[in-house]
Structures are given as structure tokens and as C-alpha cells.
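S.K.: Here it is: the structure, laid out below.
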Amino acid sequence: MSPLTSSLLLFSLLTSSLEAIPVLQPSFPPSSPSPAPSPGVRILRAPESIVAPLGDEVVFECETSLQPEGFEWSYRRWPNAANSNGSVGASRFKYLKSGNGKLNVTQETAISRLRVLVRPDTVGEYRCIGWFGPLVVTSTTARLELANTSVKGRQETHLQWRVAPGNSVLWSCGQQVHSNPSASWSYYRNGVEIKPELAATNGNLFLTNVSTASAGKYTCLATNPASGARIEISSSMVLEVLSGRGSQNKAPHLLSGQPTSQAVTIREGSTLLLLCPGVGSPTPTAVWSSPDVVEAIHNKRTRVLNHGLEISNVQGHDTGTYICYLDNGVRPTLEHFINVTVEVPPRITRPPWADLTNEGERMQLECEATGVPAPELYWLLNGESSINDTEAEQLPNGYLVLHSVQKRHAGYVQCFARNRLGEQSAGTLLQVNPKQIQSEPRETGSGGGFGSHRSMKPVNHGQKPTKMIPPSPPNVTRLSDESVMLRWHVPRNDGLLILFFKVQYRMISEGKRKNWQTTNDNIPYGKPKWNSELGKSFTASVTDLKPQRTYRFRILAVYSNNDNKESNTSAKFYLQPGAALEPMPVPELLEIEEYSETAVVLHWRLDSDADEHLITGYYAYYRPSSSAGEYYKATIEGAHARSFQIATLEAATIYEFKLQSFSAVSASEFSALKQGRTQRPKASTTEEPTIQGIGDRDTTTPSHNETFSMSPMLTGTIGGGALLLILLVSAFLCMCRRRSPRGRGQTQNKPRMAELREDFVPLGSCSPNKQRQRTRHIHITLNPLAQQQQQQLDEKNPPGLETDNDMAYFQRQPTYEYDPGLRRMSSSSLRRSQRTLERAGGANSGGNNGGNNNNLNQSSEAGTADGPCMQSSSKPGRVIMKRPRLSSRSENLSSGSLNSVGV
């Protein structure tokens, strides 16, 4: 027997939260409704009760929705197991061993067959048990009973009736017979078998519209359909039919031996025939009514017959009193009361449901059922009776209380409701969150891969041990034929920070033990913030697996101290091909709501005919629409969820989303892709960021890059620097403007300062570029016209008046080489100017005693005395001088040609 499928449900049991599900079908009639299908593993076909004679061989069949690791059968003796009402006794079930000559167990994929030889010591109750790892699913009980037929007492009745023709006669032949299964009846008239018009039950013979041909002696015979045993009833009835001429008018009345009332018990779904005994002359007519049952007579299931009422597909609400009135016009009328009881197999109306429970907490599981007779409830915890569990107590209303939940309770919890008509079961997965045991510093790891190395951290003697809280065992869900999805969580703790996770898995085979394989991806822990009271949840997928193989998985956590610790391993998981699984409902994405700059809300729905019981939760996949990378994943627990918020997104970014539903066994197809975007960032009115509370809505622009969040500060720094630079430049320009000549605009004879400043800089300002300084001699040729103009100005400005300090300049060192052609042009212009001045001087030499000496070859002493004031610089080749002013544009041009500089 291959352990393939069994692992599938085992894993789901311990880590997956499912709604309560009906596990198997009770032995209802075919017409009765069956429980809705359930996710995961369930009993598709439970063994059925059998009545057989001694020495016969019977076969019990049990089928599960998935192939388990193994089947087992349990048994307890029937006489001690239940009383006549079918209530459960204290006798315990025992597991059967095949091959002892009395029974044999065979298995074919997901079907198990138990062959039993009917003997007194094999009569009793049988159960089928499917093992899926630590998960146990138990079927309802099937009974093996001996076929028997017996007669209650030996009282014989011999009746003689005389009736008028046209009446109907009811004879109860088999009131004293008890048969298992119910006997079939044969009727004889004068030793010849007859076929009654109406197939009455319980040995009742009903003769309608009798005539003289109906007269004779009637007898009956009971046959056991299982064993074939026949019992001839010694009672008889002799019928005499009067002629029409000899009959007298008589009111309706009962014949001798006929009861005045009846009590009828029938099973739900059967056909009920009510007969109204009584004869009269003339023939009476039957009228039916019921004070208890609404519309008991006038409905589609009821048919009124001559002296009878037939109700098909009897329901529980047909229970009540029916009254038959016989009237033939002769008073008084005859009333006949029939009390009808409809027995209903048990139905669980409130199945148990369990959530994740912490170890040591108290838990109450509720289960309610209906049925006639009232069903009795009992519980199984992973196939074991709750009566044998010291922590379990069943309340009078049938609820189960676990005073202290233990790890052994994790698994499948089933509630059973039973009466003499059958059983029904519903179960739920119980998850137990174990108490966290603080880990001591360890020297070696266990297993392979990351967990097998020796910790290199030194031992801190006398200090509190380092706490490394491991993650929970992963919950496995099938995604495809080659991939699964793992879900796990880290409980709230104050231990070491987890940096990232690794996923490890290994294949389980019957041969050599396989080593653990480690995936390449690091699953980041993220921000050290708890998402809920239970801790923080994570999701990861594992691909490149092989279908029809069994695997185990575990999660490896790497901590901030560079050590690691692995979780407990998952249950064995059988990766079943998708073709063998029931398809899951596919959700339909309706809308992607823009919730904030960092979050959106998904809205979806299921088809109207989709069964939510198949769903454990949903997987949401999302990524930026401009990206072709991997999808981010989010897990949504609960089948009833119809919306979910996804946060930590980028502002003003378009994303694409898709959904799929999942259960403990498989996942659905993906929904159609739908795009949505986050809100645009809001305009900020202040340079300082606003600190928000925990409950405030996040309106900041999120980013996965921490440096991007500092961009407002960086922008402010750059802006402030630019503003400061502008202020400095403005101040410099303002100072330069203030140092411009104060007399600008007062006379047209002032030289243009912009042109002069191209060659000179003010005294006291920054010195010329020192990097390009070099020693050179500068020869300045004075403008003769300027000397004459300067003499005139000196006459207007007597000595003693202060001169304008702004007119003092020193000449810049030239940064270019003069063109020799320009130098020759300047020399020729100078010579023409000298000749002109000489002519003018010769003509006016006698009359101009105070004229300036325009001889350019004058000595340096004369030039120092009469010319502009000149100051030698400490550096060679530099001359500080007061520049003569030009009186006109032509003079400026002449000055420009005469002020040639030779180096």
C-alpha cells in the first residue's frame, strides 16, 4: 500500500483552518438530501448495515475522496454496543487484524473492502478508518445483524365475518410476527395465493368492493427476505358475503377483532397507506381529515382511495393524527383514529467549528442534530472516543468541552449523531498553537543544510540565554502539479530578530532516506513589526517538484546572531495530479479601489453556484504593471472574505492583480488580471514632515529605498544653497555699483567707466590673479591732449581740494599677447598726433605761456612734477596713476589709440 495520498490531509489538519464539514453520508434513503460537499479528505461512501444469515459472507465497502496512507477497520460486539434504541454504550471499538479466517481486508486505491464471515462472534458494529499521517477520518457505524423471524406468542385467532356486498374489509394477519429484515407477506384464499389490490404493510390484507366471489377462508405466510425462512401463520379469517336482497340498512360499524384506532410508524421517504376499517349497509363513504397536519389531505403527495388514504414520500411534518369518518346516511357515523409517527434519521444542523487554539486553553465545541427518535451525540478525537480523554467532557446538551487543550488534540474532531435509523457525522480541523519553549544556546544543529553547522558564538557564562524562537511548521497547499504554497507564522516573542528564512524540503520514498534540499531564495523577514496578536505570517512557493510524490517541508530561520533554527517539519504531503482533484471556485475581481498613496483595496465575488465550503482562503498576487518580475503574494484567510487591503505600495503607480482560492488540498485557477493604481501624492504645504499616529491614514509617498524618503531634506538643502548664492552675487553687484563714479551724468567730458574698468581694477580690491603673475615692465605713453585738458581742470579745481579716490586705478596684467600689427598701428597714430601737437605748439608758443609741455621725451622728473601723479608699485612693471578725463568721443578714440601698452 502506497502512502501517497495520505500525507495530503495530514498536513492540512494541523495547520489549516477549515469550516466544519460533514464527513460521511448516513444511511439515508436515496430521496433524502445529502450534506454539502466538503473540502479536503472525506468519506465518500461509508459502510452500510447488513442483515445476513449465519454462515454467509458479507462485504463492507469504504471509499475516501483521496487515497490514504492506509485503511483500518474497528469492531465492537453489537449486543453490548447499544440498547434497543440504538444509543451508544461504553463498549470500546477494537482494531481488526486481517487474515484470521473470519475476515479479510483489501485495498484498491481509495477503496477498502472488509469481508466478514457471519458468525455469532462477528455480529456487531464496524467502522472504516482512513489514516492521512496523524490525521484520522472515521466513518459512520455499520451494523452486521443476523437475519431472523419469530412469532410473538402462540395465540391463534379464527375470525368469521359476514358483510354486505360492496364493502371493503381490512384483516390484520401478521400482528404477532417479528422479522429482521421486514418480512414479505403472501395471502391465500382457500389455499390459493391471491394478489391484493393494495400492497398493505405489516401483514394487513385489504379487500375492496367485496362480492360473493370474495367469500372463502383466508390465511397468510411470512417470509424472511434475507434468510428465506418461511413462517405460516396459524390465524385465519372466514368471509361470508350476503346477497343484496337479504341485507338490511345498518349504520357503519367495525367487525369483530378490528381495532378502534391504529398507531402507524413509518420511515421518512416511504409511502404511507392508511386504511379505514368498517362496513355498513348501504356501503359507507370515507371522509378524511387531520387536526394536526396542515393541508394533510389536499396536496400533491396525497391520494384519496376507497376507504384509504395514500401519502407518498412521507416527511417529518406528516406526523400527527388522521381521522376517518364513515357515513352511509344511517346514523351514527363511524370515526376511526390513526396516529402516524414518521421516523427521521439524524441530521446535524450545527456542525462543530474550531479555530486556532493555544495549548492549555479551554475550548467548547458545539454540535446540534435533529431526528426522530431524538439522536444521541458522541465525539471522536482523531478516531478515539472523547469518553477516554481525561481533558474532555460532554455536556448534557451534547457539546464537548476540552478543559485544557493539548497537542494530542490537534487533528480531526468529529461529532456523531445516531438513532436506530442510522448515523451522521460532521467534523472540523482543530489547530493547537503549542506553548513556546525558550531555546537554550545550542552547539550543534539537526538535519542537513543550514541546520547542521556548529554555532561559532562564544558561550556567555552568567548571562541570560539567547532566545531563538523558531517559526511554526509550514502549511502546504497544492498550486500545480509541480509546485506548492507554504504558509507559516512566527509567534509574538521577544527573542532574537530574524533576518530571513530558507525553505527546505525532502522527498519521502520507501527506499533510502533522501537529504534535505534548500531553495535558493531568501525570504526576507521585513520590518520587525507584529501584524496581529498571533504574530507575523509569511508565504512562499516551492517549484520544480514531482507529481505523485510525497514530501515534507520545514522552514529555516536565520537570526541576527548569524545562527539559525529550523521549524518542526510539516506532515507528509502527497502532490496529487490536478486531474484527480475537484476544481476549486475561481474568484472574480470586481474593483481595485484607490485607498491611499500606499494602499489599494481588492473587491471580488464568487459565482452564485460556487460552494464556499470548498474554500479555506485566497491568495492575492500583485506587481507593478511596468515590471515583468515575480509577483508579490498575500494570504487572505477565510472563505467569506470579499475584500482585502494591500499596503506598502508605491504612490501613483499602476499595479496588476490576480486572485485564486485555495483549500488544504489544492488551489483554483487564477482570476483574470485587473489593473489598479495608488493615489497620487498630495501637495505639501510645509517643508517639515508630519508625524502621524498609528491609526492615522498614511499619506506619505512610500518607497522600498530608504534614501528616497530623504529627498525632501535634500531638496531643501539644494534650494537653500542656491538662494544663498543668489544673495551673495546680488550683494557683490550692489557693492560694485556703489563704487561707480559719483559724478556720472554731470558732465559729458568724463570717460566711460565701463571701458576703463576693462583694463583697471580699483585699489584696495582683490589683487590680480597671482597664478598668472609674472615680472614684466610696463611703458605707459601719456596722451598729450589729456595733459592739456588736465591743466584746464587744475585751474578749475585749485590745490587743496580732495580728489576723487574712485579715480585711482592700477593697471591689470594683460592676459593676452598683443598682435604686432596692432602695435605698429598704435605707433603710427602716436607719431601723427605728435606732429599735430608740434605744429600747434609752434604757432602758439608766443602767446601761451602757461601751456603744457607736450614733449614726450621729457625727463621723468618733469613728468613727475607736471604730469599726473604717479606712484611706483612694489612690484616691477606696475604704475599707479590718475587717469586724465576725455572731453569728447573723438578724444576718447584718440586716447584709446594713444594709450598703447608695451611690454
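Glycine residues also receive a Cβ, built from the backbone N, Cα and C atoms like all the rest.
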S.K.: Which of these, Arg420, Arg552, Arg554, does Swiss-Prot say binds heparin at the same site as Arg506, Lys512, Lys514?
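M.R.: Looking at Arg420, Arg552, Arg554, the one Swiss-Prot places in the heparin site next to Arg506, Lys512, Lys514 is Arg552.
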S.K.: From Asn339, Asn857, name the one Swiss-Prot lists as N-linked glycosylation site.
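M.R.: Going through Asn339, Asn857 one by one, Swiss-Prot flags Asn339 as N-linked glycosylation site.
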S.K.: For Cys324, which disulfide partner does Swiss-Prot record out of Cys276, Cys367?
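M.R.: Checking Swiss-Prot, the candidate bonded to Cys324 through a disulfide is Cys276.
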S.K.: With Cys220 as one half of a disulfide in Swiss-Prot, pick the other half from Cys128, Cys173.
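M.R.: Partner cysteine, according to Swiss-Prot: Cys173.
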S.K.: According to Swiss-Prot, which residue among Asn209, Asn892 is annotated as N-linked glycosylation site?
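M.R.: Per Swiss-Prot, the residue annotated as N-linked glycosylation site is Asn209.
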S.K.: Is it possible to list how many residues within the domain 'Fibronectin type-III 1' (470-578) are helical, extended or coil according to DSSP?
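M.R.: So the domain 'Fibronectin type-III 1' (470-578) is made up of 1 helix, 53 strand, 55 coil.
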S.K.: Any idea what the model's mean pLDDT is for the domain 'Ig-like C2-type 3' (252-341)?
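M.R.: Taking every residue of the domain 'Ig-like C2-type 3' (252-341) together, the mean pLDDT is 90.
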